[in-house]
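Structure, as structure tokens:
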Amino acid sequence: MVSLLIHYECDTNLTNECNQSALFVSSCNNYAEIIKLLLENKSDPYICNSHAQTPLHAAISNDNTHILNLLLEYGVDPNYAPFCTSTPLCLAVAEGKTNTVKLLLNYRADPNIVNKNNETSLHVAATRGYTDIVKLLLTNSANPDIRDNHGKTTLHIATEKGYSKIITLLLLFQANPYLHDMYNKTPFFISVEKDIDVILNFILKTLPNSNVRQTYVSICLYIASKCGDLKKVKLLFKQNTDIDFDYSDNECKQTALYIASKRGHSDIVSFLLDLKCDPNIANMYNETPLYIAHCNGYTSIVKALLKMNSFFFEKSNGTSLYMASSEGHTDIVKSMLKYNIDVNSTDNEYKQSALYVASKNGYIDIVALLIHHGGDINLTNKYCQTPLYIASSMGHTGVVKLLLVNNCDPNICSVNDQTSLHVAAYRGHIDIVKLLLQYNCDPNICDMYNRNPIHGASYEGHTEIIRLLIEHNCSPNLLNKYEQTPLDVAINNRHQTVVEILLEKI
């Protein structure tokens, strides 16, 4: 039948609804004679099904070694992998088919081709723990130092999995134990972390004069500090007087002092500081021990670090004082303000000061502290919003009163030309509206759309605020940019009581 169809020039490359060609289906079903016939008549062996699999993939998945061999003998490329999917070799490795792997390698399958995750066949074998296949790949020139999308080599993976035999094989084939992944972890670091001594012993045996012992002790110090094991930290110091306490070639380039500060291990922090550890070494994200300690609210650690003249690295979301103010760490803010800190720094994405963010979150004690230490109460953010503006918007009456008592300017406008009164009226914060009017906020300032505070109150239906604004001579007849009065706005939003109040005043 197939011969007859070919004789009548039927297209052998047509596919079904699953994008399977005749050659693909024949490879799945072990139809050797039909496959020969199709290949001899120029059937395309690289047409993929809907899962990006070729006939070669199909033969491997269906464990049809004879068909696989037949396709390879006809010159089908064993390295073809459309759209960066797995090669036939990678598929055979994933399924643990050692004999198939051997066959593909005999036909020059490349073990170093990567998939969309930048993984080679060796990555897959190491992940699955297939020791024999790992050895087979390595003897066929597989590169053990290729990194995947996470920066991990096969030695990283084998070490993380604890596959000692595979670790030894990789080292014998010159895998580098000091390559860093995206988190700055090396296979050597991971082996110490997981208490696997294969790598350490291998290096000591092959490179007896290296400084691996000192590196090992430094990593042990880091791990002990991370776990809060003060006893082990002291023991390491006692047994290794030349230990590098500032070693940071660890995960995320963190020192022992940094990780102890992050985890809140104050006793270890104190011990390390007594040994003159450098408190200003930042990790790969530019975070210092002081920064991370205050972020986590560890007041005693912050105080200890400040005494050692620790300083702050700036981050995209602001200074350490900014962060402490943002998160409501009053005691930490107090401690920081004793030192030479720029209380008005706005070096963050939205140009917000510590006073601004404390006002935003309603931390009245921190607001008071910052004002007392010279915080600029009229300093605006990226959008020209003052601390008073944001406190009025968020409904923090106590903070608003504190700012007004300290003579802030209530008439500073935002980038949209809105005052604090605009946002307080719109959001229905009547107590704040009263305070602002009491402290001479001008009720007739208009925003960029020529709206006064009554427009916003009318939109939301805040009747008492509308009465209050009218009593303070805010015009109820003003036309906005769209030629709407507050009455028009109230009618459009069906606020009947507001309509009645405004009709009385027209």
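Yeah, the Cβs are placed from backbone N, Cα and C, and that goes for glycine too.
According to TrEMBL, the repeat 'ANK' annotation covers 51-83 (among others). Confidence in the repeat 'ANK' (51-83), given as mean pLDDT, stands at 89.
Annotation comment: TrEMBL describes 84-116 (among others) as repeat 'ANK'. Long-range Cβ contacts of the repeat 'ANK' (84-116) within its own chain (Cβ-Cβ under 8 Å, at least 6 residues beyond either end) map to 52-54, 56-57, 60-61, 63, 65, 68-69, 72, 78, 122, 124-125, 128, 130, 132-133, 136-137, 140-143, 146, 148.
Annotation source TrEMBL lists repeat 'ANK' at 117-149 (among others).
Marked as repeat 'ANK' by TrEMBL: 150-182 (among others). Residues of the repeat 'ANK' (150-182) grouped by DSSP class, helix first, strand second and coil last, total 17 helix, 0 strand, 16 coil.
Taken from TrEMBL, the feature repeat 'ANK' applies to 252-284 (among others). Beyond the ends of the repeat 'ANK' (252-284), by six or more residues, the same chain brings 183-184, 221-222, 224-226, 228, 230, 233-234, 237, 245-246, 290-293, 296, 298, 300-301, 304-305, 308-311, 313 to within a C-beta distance below 8 angstroms of the stretch.
Same-chain neighbours of the repeat 'ANK' (316-348): 290-291, 294-295, 297, 299, 302-303, 306, 354-355, 357-358, 361, 363, 365-366, 369-370, 373-376, 379, 381, counting only residues six or more beyond its ends whose CB sits under 8 Å from a CB of the stretch. Among the features that TrEMBL reports, repeat 'ANK' is placed at 316-348 (among others).
Positions annotated as repeat 'ANK' by TrEMBL: 350-382 (among others).
Within the same chain, residues 350, 353, 355-356, 358-362, 364, 367-368, 371, 377, 421, 423-424, 427, 429, 431-432, 435-436, 439-442, 445, 447 sit at least 6 positions outside the repeat 'ANK' (383-415) and bring their C-beta atoms closer than 8 Å to a C-beta of that stretch. Per TrEMBL, repeat 'ANK' is recorded for 383-415 (among others).
According to TrEMBL, the repeat 'ANK' annotation covers 416-448 (among others). Remote same-chain residues near the repeat 'ANK' (416-448) are listed as 383, 386, 388-389, 391-393, 395, 397, 400-401, 404, 410, 454, 456-457, 459-460, 462, 464-465, 468-469, 472-475, 478, 481 (criterion: CB distance under 8 Å, separation of at least six residues from the stretch ends).
If one looks beyond the repeat 'ANK' (449-481) by at least 6 residues along the same chain, the residues whose Cβ comes under 8 Å of a Cβ in the stretch are 419, 421-428, 430, 433-434, 437, 443, 487, 489-490, 493, 495, 497-498, 501-502, 505-506. Marked as repeat 'ANK' by TrEMBL: 449-481 (among others).
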